[in-house]
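Data first, discussion second: the structure below is written as structure tokens.
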């Protein structure tokens, strides 16, 4: 499914330390630090909700032998498309459930339902009759349950320090090599026996259940801290709960701005090292109306922030909204002065709280100063953000769409005889490891893009290479080469991983701090939309080249 990039985790700080992250350039918001066991639990959770689908995708040769080469396209459509209504429903139910059940309990219920349902389908898969409709129905269920667990886990990890976000990405990356090791250990080939299939999927089911236990343990340990972080209140009990982490690698929790039940967010400055803002500060906080959510969570791409700096580019509650009028005043000053370096600098709480009046926004947004704050968060703010991040956003969209257009045709790639029936599986794992390497490569300064120009150039190369792949599907036998095909696929996913990572690193840096969250949300939307566009293109190409997408 998604292949992750990551960076080496930062060492856990001493007990009682607090990591402050500047979210959208306003008040400094503290994150729950978490110790080494918290990091390990997030790692296990992400392995849980990715491993079963990766196991299914890794058996391309097995399912092709049963249902024909079109099965991979059918599986991808079944897995991805049902997540659209899930995201829409989640986006409108999240705040209601948070108010009724509490944030921690809501996250717990969603993770339990998602992971236990995912584990049940995984264990059931090798026992079900070998019928395509049952397999596709299982894929639909896996997509829904894993999407539920994925979104809940990212809603949870957004309240924790970056090293925990990194761990969540590491788990996604570790799933594919782990599945490969299990297949090699069990001797699973193209014509796997029922016993081998049960060994594989029951073992994966154990991984999912273990991840579920890790999620429960994680939430129980940090329950009060998560609730306090969500409500904007931190008492002594919350601090004690957060600092009770194992050994000296303790953690402290602090607050994020309160999300009000009527769709407003209050931003009040927090003093470094203080548990919470004072009552006076809370009374002076500025309510900001939130528009209807475009997407359930600020990040749908699991690896977006893993190579980033400590700057956060999404909100703690994952919601999508624009800046406050005061933040836009500061944005207006930055842009009018033409000081691009200011856009890269992290603003302080004092700067955000003492911004100029909304009247100064008219030159930037092209509207009257008398407009309501909600209107300022609409079309003109969107235009301001898209004008700045269009290049990395386009690269992300095109690269991801190409990947999802090509991947379903791995089962159609003809073999020259070197790998034979296992060729689709070889292509899959070549894709996996090349993608991981590509996402890791920007950690080297020589491979990190400092401007959108090289990313656009490499994206153009990937776009121009796509027709070569489809031409190869119809190539005469004398031109076939398994080695060349593997190298070509590895190259496409290597540069694809590089493009996605650099695009996600560049976009937040191209807007002022006040709009980092908005930029990240647009990148997430582009990434998710690219998957559906890619699948639609794949279906069209399959109809054009092979006449159908069904048996």
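Note that Cβ sites are derived from N, Cα and C of the backbone, with glycine treated the same way.
All annotation found in TrEMBL is predicted automatically rather than curated by experts.
Of the given residue ranges 389-410, 411-432, TrEMBL assigns the label transmembrane segment to 389-410. Transmembrane segment is the annotation TrEMBL gives to one range among 133-153, 238-258, and that range is 133-153.
Ranges compared are 351-378, 519-546, and TrEMBL records transmembrane segment for 519-546. Here the listed stretches are 107-127, 133-153, 198-220, 519-546, and the one with the most C-beta pairs under 8 angstroms to the transmembrane segment (389-410) is 519-546.
The transmembrane segment (519-546) makes contact with the transmembrane segment (76-95): 3 or more of their CB pairs lie within 8 A, with pairs spaced 6 or more apart in sequence. Same-chain residues lying 6+ beyond the ends of the transmembrane segment (198-220) with a Cβ under 8 Å from its Cβ atoms: 38, 40-42, 44-49, 51-52, 55, 104, 107-108, 111-112, 115-116, 118-119, 122-123, 125-127, 153, 156, 178-179, 182-183, 186, 188, 192, 226. When Cβ distances are compared across the two stretches, the transmembrane segment (76-95) makes no contact with the transmembrane segment (453-472), since fewer than 3 pairs at least 6 residues apart fall below 8 angstroms. Below 8 A, the CB atoms of the transmembrane segment (38-56) and the transmembrane segment (133-153) form 3+ pairs separated by six or more positions in the chain.
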